[in-house]
Every structure is written in C-alpha cells, then in structure tokens.
C-alpha cells in the first residue's frame with residue numbers, strides 16, 4: 001500500500017462567511033514533489049472548510065493508501081480519534097446534547113473515503129511554524145482571495 005502525508009486547513013472570515021480550504025499531499029518517497037489543492041465557498045463555516053479540505057485531499061488519491069493526515073482542526077481530528085463519529089452514528093446522528101450533528105453531509109462523505117484508506121489522524125498546532133501547515137494556511141487565504149475576484 002502506498003503511503004502519503006497530507007496536511008489540510010480551512011477557514012472563514014467572518015465565520016460564517018466566505019471561506020477557503022487548502023491541502024498539501026506529500027509522497028514520502030519523493031518529498032520534494034508536493035501536490036497543492038485549494039478552493040472556497042462564498043457562504044460557509046470554518047468547520048465545513050476543514051472537512052472539505054480533508055475530503056478533497058482524500059479524493060485526490062488514485063488508489064487506497066496509508067495516509068498520515070495532519071490537521072490543526074481538533075473538530076476533525078477528535079471526531080476520528082476520540083470516537084465521536086461512532087457515538088454520533090449510534091445515536092442516529094445526534095450529539096450528546098441530543099441535537100442534530102452539524103455537517104452530517106460532509107461527515108458521511110469523509111467516512112466513505114476513510115473506508116478506502118488507512119488514515120492515521122494527527123493534530124498539529126496552527127500557526128506554530130510547521131512548514132506544511134503554514135503552506136495550507138496560505139492556500140486558504142489564496143482561495144478566499146479568489147472568491148473576491
């Protein structure tokens with residue numbers, strides 16, 4: 001199984017409002033060759049952009065891979081690592097407070113994609129000087145600028 005390292009980020013300003021997402025895919029065999037992805041939406045939220053970044057990055061993989069996924073979104077990382085997704089599904093997509101889970105459409109798509117790949121979720125502190133996290137942050141800004149023409 002091929003291995004890939006993915007970094008992703010998403011953001012809005014204001015939140016909700018116009019947002020962007022960015023992702024960088026890196027092959028451990030060829031770390032000098034990266035693939036950068038980005039996009040945006042005019043009316044969205046930070047969390048939707050974080051999830052969209054993860055979806056678009058995983059969709060870019062052509063075959064099942066072992067993925068080392070790095071995100072500064074605790075919402076995304078903890079949903080997988082802390083078992084939130086399983087709990088939400090068991091409760092009919094309701095939170096512990098019995099409210100509907102937000103962004104269910106994106107979570108369902110992400111679950112489909114994580115069934116194909118062996119994903120290890122890692123949290124990285126945002127704006128802490130991590131080379132690829134900073135690159136993703138710039139891709140988010142670029143995507144948001146492109147929305148404004």
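First residue shown is number 1, and so on along the chain.
Cβ atoms here come from the backbone N, Cα and C positions, even for glycine.
Site annotation for Mg(2+) 1 in TrEMBL covers 9, 50, and the matching candidate from 32, 72, 105 is 72. If you take the Cα of residue 50 (Mg(2+) 1 binding site) and the Cα of residue 137 (Mg(2+) 2 binding site), they are about 11 angstrom apart, rounded to a whole number. Most buried of the binding-site residues 50, 72, 137, judged by other Cβ atoms within 10 Å, is 50.
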